[in-house]
Amino acid sequence: MADTAGTSKETRSRKSFLDTLEVDTRLLGMIGAFVVLCLVFNVFTDGRFLTPRNVFNLSIQTVSVALMATGMVFIIVTRHIDLSVGSLLATCSAVMAMTQTVVTPDWLGLGLNNPLTAPIALIVGLICGAAIGAFNGWLVGYLTIPAFIVTLGGLLVWRNVAWYLTNGQTIGPLDANFRLLGGINGTMGETGSWIVGVVALVAALLALVSARRSKKAHNFPVKPLWAEVVLGLLIAVVILGFVALLNAYQIPENRLERMFEARGETMPEGYSEGYGIPYSVLLLIFVAVVMTIVARKTRLGRYIFATGGNPDAAELSGVNTRLLTVKVFALMGFLCALAAAVASARLTFHSNDIGTLDELRVIAAAVIGGTALAGGIGTIYGAILGALIMQSLQSGMAMVGVDAPFQNIVVGAVLVLAVLIDILYRKRTGAK
Amino acid sequence: MVDRSGTPLVELRDISIAFGGIKAVDHVSVDLYPGEVVGLLGHNGAGKSTLIKCLSGAYKQDTGDVFINGERATINNPRDARGYNIETIYQTLALADNLDAASNLFLGREITTPLGLVDESRMEAETRKVMGRLNPNFRKFNAPVSALSGGQRQSVAIARAVYFNARILIMDEPTAALGPQETEMVAELIAELKKQGLGIFLIDHDVHQVKRLCDRAAVMKNGELVGTVEVDKVSTDDILAMIIAGKKPDHLAA
């Protein structure tokens, strides 16, 4: 490395330390920026920003946008854009709300809060989202209308389809089981959270071990054992630390009392219980893992990235790029429906303006997360981290008491700045 | 000498294709025998690449037929062409710049584990094997192709064509971006593949190279075939005359 020749010995050894760990330096930069952001807000809010309660709220507020951002990565990687995700979310939310408040209780005669209601509503919503997404993809892939135009039209169309479906009314309250997806209304409790945390940790470590083994089996160079151990320890700290933090957020006493009353028991004296991992966050983690596997380990993911890198090459290599476009947009629609379920469950009702401006948040999250609009480059974890940064910025400023117009000005400026930093970073590292 | 008594490996019969009234290829017939290298020559826009794209599946001819081993073949897209063991090295190389060598080599034909997931380690191991043969100096297995030199990129494109047991190889100006040493490497490779009984269509601008590497040369001008000649029986000047003037040398015209 010629460019490190002049620098001091210390920085060189640190560089080689990072190299040995084989961690993504770009990811490290994002995590660094995020940590700094959190610490600054924590100082300005007199320590209220990094409380278990606020971390819990931040994570459930991020889920909806983060879910869609994972899909947006694939869309942008294939050199398309989807401006209709917020409106699509509204349509899916409206469909699910109407299904559980009108279709199942009245038309099917299942009544209110039937155990079948939530699954039926969810399945109908997901099918609806995937179908609309596939339709968008067909317009883009087969009829070759630019995605920008298709989804700009869709932004208007689906927002108002949602309006039409509900006559513009707020639909609620939603089904009790459905509301479990919303966050605070559905958490795993302390024991369940620890179990999930340990299972996740074991899975992550097994993945590390099997990756190393597979490399060794083919005689590829592997990183030293200590580097693997450090990486494993880091993963353990992050996973278990996150669980501990969410478990530390205590359910208020009167709410606990009501929970015991509902079960016909009385609460023991001095009893306390933490919230633990919300189901919506668990869903996001699950989606993130699945989407990462799709991106890296499946043919579909390979073709998505190859098409983004060079559409002609992909086509000449026998990839059906038109069908691929339909699949990518259908996946986006499916994730919009999932996000719609989480968003409406969190509010406990469907409102006419649900998901407004989400398309901008989702695209911003993906772009801040390192997805290149030129196509071919992007990561799922980056997009989720991007969503988290955006949400932290927004709610952190609200907690500090920044005026509403300034909040939006800052968020907009940060988006542009993040892309500029990304461009400079890519230029310096020589990556494309 | 190439044995041309059997059925040709490929026969392009009376191929025509037009783009918006302009006849890019006009009733052209060319054939190719096993173990033979046929050079396609002509000016830019003469229709060489267009003709060959009908065989590789990138275009579909308007009229005319493609015969493989004497049987009529239907080639509607690049996937069909691969099904007939036709591999193409495009002038643009057709590589996805953001992916590494192994991903490009196996693009569209990934090795998967029993679970249906892409087996990256095995693909990399296979890539190392084939590159060890083609270009032993190649080391950058984990870098995106955009970080490679012209010659290295070319060897990835060639490896992709050779790895999957091609019977028919189409090379569109394979040495255009290469230095002398790498050009020599490609020449050796062509000789090696010829020995193995592959049929090769070589599109090239360099008349000397065609004379050295090919058995026959087919010259095109303005979408029409000027003629097909055995390179040993003509001089470079004869071939140049065919390219520029569009007429066959006098001693062969009869």
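Heads up, the Cβ atoms here are built off N, Cα and C, so glycines get one too.
Some features that TrEMBL has for this protein:
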type	residues	note
TRANSMEM	A:27-44	transmembrane segment
TRANSMEM	A:56-77	transmembrane segment
TRANSMEM	A:83-103	transmembrane segment
TRANSMEM	A:115-133	transmembrane segment
TRANSMEM	A:139-158	transmembrane segment
TRANSMEM	A:191-209	transmembrane segment
TRANSMEM	A:229-249	transmembrane segment
TRANSMEM	A:277-295	transmembrane segment
TRANSMEM	A:328-349	transmembrane segment
TRANSMEM	A:361-384	transmembrane segment
TRANSMEM	A:404-425	transmembrane segment
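When each of A:27-44, A:115-133, A:328-349, A:404-425 is checked for Cβ pairs under 8 Å to the transmembrane segment (A:361-384), A:404-425 comes out on top. Sequence-distant neighbours of the transmembrane segment (A:191-209) (same chain, 6+ residues past either end, Cβ-Cβ under 8 Å): 228, 231-232, 235-236, 239-240, 242-243, 246-247, 274, 276-277, 282, 285. Sequence-distant contacts of the transmembrane segment (A:404-425), counting only residues of its own chain at least 6 positions beyond either end whose CB sits under 8 Å from a CB of the stretch, comprise 26, 29, 364, 367-368, 370, 372, 390, 393-394, 397-398.
Outside the transmembrane segment (A:27-44) by six or more residues, the chain places 18, 50, 368-370, 379, 381-382, 385-386, 388-389, 392-393, 396, 399-400, 425 with a CB less than 8 A from a CB of the stretch. Residues 56, 59-60, 62-63, 66-67, 70-71, 73-74, 180-184, 186-188, 192-193, 196-197, 200, 243, 246, 301, 304-305, 335, 338, 342, 345-346, 379-381, 384 of the same chain lie 6 or more positions beyond the ends of the transmembrane segment (A:277-295) yet place their CB under 8 Å from a CB of it. Long-range contacts of the transmembrane segment (A:115-133) within its own chain (CB-CB distance under 8 A, at least 6 residues past either end) are made by residues 88, 91-93, 95-97, 99-100, 103-105, 158, 175, 177-178, 180, 329-338, 340-341.
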